Amino acid sequence: MDLLLQAQHTLRAHFPANTVQVSTLLSIKTGNCPEDCGYCSQSGHHDTDLQAEKKIAIEQVLAEAKRAKATGASRFCMGAAWKHPHDRDMPYVLELVREVKALGLETCMTLGMLTANQAQLLADAGLDYYNHNLDTSRDYYPQIVSTRSYDDRLDTLAHVRQAGINICSGGIIGMGESRDDRIDLLHALANLPKPPESIPINRLVAIAGTPIADKLEGTRLPVLEWIRTIAVARLACPTSYVRIAAGREDLTDAEQALLLMAGANSFFYGARLLTTDNTSQSHDDALMAELGLNVEAAAPRQVQVTDAVSGRIGSLAV
């Protein structure tokens, strides 16, 4: 309990009390991913029941973004099951960034690895956050993924940081790793040149047909270990948002309250997270009311613009 108390004190030293950041997540291209991440239903290497889908229409994405804003989300996150975006994909994703931001929402994308040029294009379009998780510790990583190295992930994070986009990077716990591996993951995040602005901590949702699900044989990480990991993340990265991500669909209200007491101040809102279930919005609304939580307002990133006529430089929320 001392750990939770210290984590809550740390949270309140850097963020407004009883305030949470709420994001909604949408899969804009699902399945047939060439990566072999052992936990993921979207990998083309695994025999799961997932139905692959091509990129969804911009109009459909915007309809989902409008719905997310109407229900109270401040950030709209878009994920595509790619190893990396191809040049032909960039006009599509850049248009999504611009159009979603025009709705007054913060934007986040997770598209796989990025080149420095792709990161800069996303920054110029106004992207607020880019998600690229480290997943686990460097030592345990080879047990999870073979098609993308740990250093590949770090390189993408470096490109994102250099472009001036906020970083969202965390991991998945409960994949058979040790507590030391979880500590090493948080140490790696805390010791980036600058810690991520947002750190999602997922509790594995085992998907039938994936290698990790087969390995775990129905066992699941205890909730208290997730709570403990959240608290350590808060202490290791005191100024970062720490997000309760996938894995809370079966938690009691008391367990979710403990995650928040442990220093989490962000969560995903909506009944679906890419390809896994999540707690319903109505339940989240009731729980936030019961706990007296306020939702943080959107704060889109400001970028500098130059007037084509006068040459004057100003700022614009994009």
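First residue shown is number 1, and so on along the chain.
Note that Cβ sites are derived from N, Cα and C of the backbone, with glycine treated the same way.
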Record-annotated [2Fe-2S] cluster site (TrEMBL): member among ARG243, ARG248 besides CYS77, CYS108, CYS168: ARG243
Those binding-site residues listed as CYS33, CYS37, CYS40, CYS77, CYS108, and which of them has the most Cβ atoms within 10 Å of its own Cβ: CYS77
Pairwise Cα distance for CYS108 ([2Fe-2S] cluster binding site)/CYS40 ([4Fe-4S] cluster binding site) [Å, integer]: 20
Inter-residue Cα distance where the pair is CYS33 ([4Fe-4S] cluster binding site) and ARG243 ([2Fe-2S] cluster binding site), in Å: 25
PLDDT averaged over every residue in the domain 'Radical SAM core' (18-245): 92
Among CYS168, ARG243, the most crowded of the binding-site residues [Cβ within 10 Å]: CYS168
Other same-chain residues whose Cβ falls within 8 Å of the Cβ centroid of CYS77, CYS108, CYS168, ARG243, the recorded [2Fe-2S] cluster site, in sequence order: SER23, LEU25, ARG75, THR110, TYR129, ASN131, SER198, PRO200
